[in-house]
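Q: Found this in TrEMBL, in case it helps:
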BINDING   HIS102, ASP129, HIS131, ASP133  Mn(2+) 1 binding site
BINDING   ASP232, ASP234  Mn(2+) 2 binding site
Amino acid sequence: MALVTASTVSLIGAPTDVGASVRGAGMGPDALRVAGIVETLRAHKLDVIDRGNLAGPPNPWHEPANGVRHLDEVVTWNRAVFDAVSGALGEGHIPLLMGGDHSLAIGSISAIAKHCRAMGKSLRVLWLDAHSDVNTEAISPSGNLHGMPVSCLLGHGPASLVGWSGQRAALSPEDIDFIGIRSVDAEEKQAIRLLGLSVYDMRHIDEYGMRHTMTEILQDLDADTHLHVSFDLDCLDPLEAPGVGTRVRGGPTYREMQLCMEMIADTGLMGSLDVVEINPALDVRNRTAELAVEFVQSLFGASTLVRER
Ligand SMILES: NC(=[NH2+])NCCC[C@H](N)C(=O)O
Ligand SMILES: [Mn+2]
Ligand SMILES: [Mn+2]
């Protein structure tokens, strides 16, 4: 019974870019559908329910006020995400949030943290990103909330985006590992040190390789761990994935990212997923969404191995 329910994936579209200053990520959910996300997961014997797109306010296209852009809109979108992700978890499904910009991880991960607490599971979050997204309204150079979700989840950030999991902090610093980081703002660096966050930046991946990096990250998981993957497509090298709003050169290659995904799949512990920041307006023939579908497939265990090992 548990096996059957655990393999139902609920797709939740959140078509908005209110957390960013580059427009276009709101088209991400449909780009993933056009790239075949539903059919691809079904081909891997997963039950897939596409719940369609959530509704929310349009992008008002304002300048930041008090250090944040579009706070009210980001709150409203995240409330919808929180409810939808909570609903999917309540049914025993694996929620797959299709963003949208990365601010939506506030609602998604808050819902997951609340669920894990209720189920007596420990939560581990893997943050795959070029950016660490640990800004706050006090230190962000842009005011964009997609650069602040981790802080909000750690209990620091605009009051209206903190405490959603039922505790001030949805996550403790040791619950999250960052992979692929290569763009961190000056004061954000200080925040990372102060909080003691585990950042596996590109220098680490260059020196130790993806295999060693992932082995280290995944070593202390146990059967009671709920693994959440928050996958910002700008983690990949922009040569592979050009369709993102905040490109940073020098990211993991296609092969490195495949290995990362396959090693996550091997744990058998992934219980939820965000796929965010795909910007079809900047993409080349939907390549970034197609790539995302390939990696999602790998996360769900579609191995490129010829032989089992
Ligand atoms: N999810 C993202 N793409 N975040 C980009 C953040 C960029 C920059 N650090 C900022 O805070 O504005
Ligand atoms: Mn991000
Ligand atoms: Mn990013």
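Heads up, the Cβ atoms here are built off N, Cα and C, so glycines get one too.
It should be emphasised that the depicted structure is a prediction, and the values quoted were computed from it without experimental measurement.
For each listed feature, how buried is it and what is near it?
A: Over all protein chains present, the Cβ of ASP129 (Mn(2+) 1 binding site) has 27 other Cβ atoms lying within 10 Å.
Cβ neighbour count for ASP232 (Mn(2+) 2 binding site): 26 (other Cβ atoms within 10 Å of its Cβ, all protein chains included).
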Q: Take the mean position of the Cβ atoms of HIS102, ASP129, HIS131, ASP133, the recorded Mn(2+) 1 site. Which other residues of that chain put their Cβ within 8 Å of it?
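A: Neighbours within 8 Å of the Cβ centroid, excluding HIS102, ASP129, HIS131, ASP133: TRP127, ALA130, SER132, HIS146, GLY147, PRO149, VAL150, ASP232, ASP234, GLU277.
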Q: Measuring Cα to Cα, how far is ASP129 (Mn(2+) 1 binding site) from ASP234 (Mn(2+) 2 binding site) in Å?
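A: Given the Cα positions, ASP129 (Mn(2+) 1 binding site) is 6 Å from ASP234 (Mn(2+) 2 binding site).
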Q: Under a criterion of Cβ-Cβ distance under 8 Å and sequence separation of at least 6, what residues of the same chain contact ASP234 (Mn(2+) 2 binding site)?
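A: Spatial neighbours, sequence-distant, of ASP234 (Mn(2+) 2 binding site): ASP129, ALA130, HIS131, ALA241, VAL244, GLY245, THR246, ARG247, VAL248, GLY251, GLU277.
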Q: Around ASP133 (Mn(2+) 1 binding site), how many other C-beta atoms are within 10 angstroms of its C-beta?
A: 27
